Amino acid sequence: MNFKSIIIILTAFILQGCKEEAKSSVTDSVYAVTSEGEEIHKYTLINIKGMQMEVITMGGAIISLTAPDKEGKYEDVVLGYTTPDLYLNGNPSYFGAIIGRYGNRIAKGKFTLEDVDYQLPVNDGVNHLHGGKGFDQRIWKAEIIAEDEPSLKLSYTSVDREEGYPGNLDVTVIYTITNKNALEISYEATTDKTTIINLTQHSYFNLSGNFKTILDHSLELKADKFLPVDNTLIPTGELRSVTGTPFDFTIAKNIKEDINVHNNQLVIGKGYDHCWIFNDTVKHMKEVAGLYHKDSGRYMTVYTDQPAIQFYSGNFLDGTLKNKKEGNYENRSGLCLETQHYPDSPNQKEFPSVVLRPGEKYKTKTIYEFSVR
Ligand code: GLA
């Protein structure tokens, strides 16, 4: 055997090894059992690069998601509880969950649709938040739909008048971990009566790999306007320019830079807890946000077809929940970038419509793509 053939054989062995190592997969296991005896399953999705996501059927919650740093080290970048009980008993911080039927707030839980007045439960001071006992607290049906680009389909039927909303609503959410290290989320829904809908995802990101703080992350939002809120966090109706305010993220800026500036909106939100309106509100996929953690080099790009995003800087995290890594989740140790329609739209005629009618299909998509810089 000459030198050349040895090299060819060695290369073939190495390539074979890589192929073995880089196999994508989706596995199913039992995660927990509810007090009613129902099994909650956990699905582990791994792509060819080794990026991994764990999803549970309670709330369709993403309980872990890894992304590589500049050295290629994959670490968990989403907050989660350390034990199943909080996911099973109300998910108080909405960690990683699917949010619906209406993500964000509806003033006083009231709205009128086709001349009928509806009253939803009030669960956030005087307002209705995140669907009441919402989709985050429901058990979803799961079906593995692909293993090469690992993909999981979750389905849930929200019955007519559940939490006061009209219409039987069939919802599916598909999570895919693409081979480009992106988490793709596709939402679809249909109804048999006119209803309102605003689905989103409530993962708290922290790209550092230790979940200590998000104040050292820098954020860019392709949004020249945001929605100021009243002191119950309901939009006043004004679309305010971000120019010259702490809400200006049109050029990437460290979150800590302005978060403690004296500003009435920051006082009301206890930090950032506001909805930004994209410059491009047309319904097509576009790049809308970028989140960067300099030390690790991790970068997350957000794409969506939605018109707005709620940037919540983890202001209600108060150091009482256990951190998956070490210690507890301190104030501002995670942040949410919830793509969505504007809060309280059912009561604000100037805001884009959130109405879904029988025969129509609600269809939207958001992508969180991970890379390094
Ligand atoms: C959303 C809201 C926040 C808060 C969190 C959950 O992001 O806008 O005010 O309720 O969910 O704690």
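Using N, Cα and C of the backbone, Cβ positions are placed for all residues, glycine too.
Classification of Ser203 (beta-D-galactose binding site) by DSSP places it in coil, neither helical nor stranded. Within the same chain, residues at least 6 positions away in sequence whose Cβ sits under 8 Å from that of Ser203 (beta-D-galactose binding site) are Ile62, Leu65, Val78, Leu79, Phe95, Gly96, Cys336, Tyr368. Among the features that TrEMBL reports, beta-D-galactose binding site is placed at Asn104, Arg105, His202, Ser203, Tyr204, Asp273.
The Cβ of His202 (beta-D-galactose binding site) has 23 neighbouring Cβ atoms from other residues within 10 Å, across all protein chains displayed. Under the heading active site, proton donor, TrEMBL lists His202.
Under the heading active site, proton acceptor, TrEMBL lists Glu338. Non-local contacts of Glu338 (active site, proton acceptor) by the CB criterion (under 8 A, 6+ apart in sequence, same chain) comprise Ile99, Gly103, Asn104, Thr200, Gln201, His202, Ile309, Gln310, Tyr312.
In this structure, Asp273 are the binding-site residues from Arg105, Ser203, Tyr204, Asp273 whose C-beta falls under 6 Å of some atom of ligand 1. Residues Asn104, Arg105, His202, Ser203, Tyr204, Asp273 are listed as the beta-D-galactose binders, and the farthest two of them sit 18 Å apart at their Cα atoms. A sphere of 10 angstroms centred on the C-beta of Arg105 (beta-D-galactose binding site) encloses 24 other C-beta atoms.
Listed in sequence order, Val78, Leu79, Ser93, Phe95, Gly96, Gly314, Gly334, Leu335, Cys336 are the same-chain residues six or more apart from Tyr204 (beta-D-galactose binding site) with CB atoms under 8 A from its CB. The Cβ of Asp273 (beta-D-galactose binding site) has 19 neighbouring Cβ atoms from other residues within 10 Å, across all protein chains displayed. Within 10 Å of the C-beta atom of Asn104 (beta-D-galactose binding site) sit 27 other C-beta atoms, taking all shown protein chains into account.
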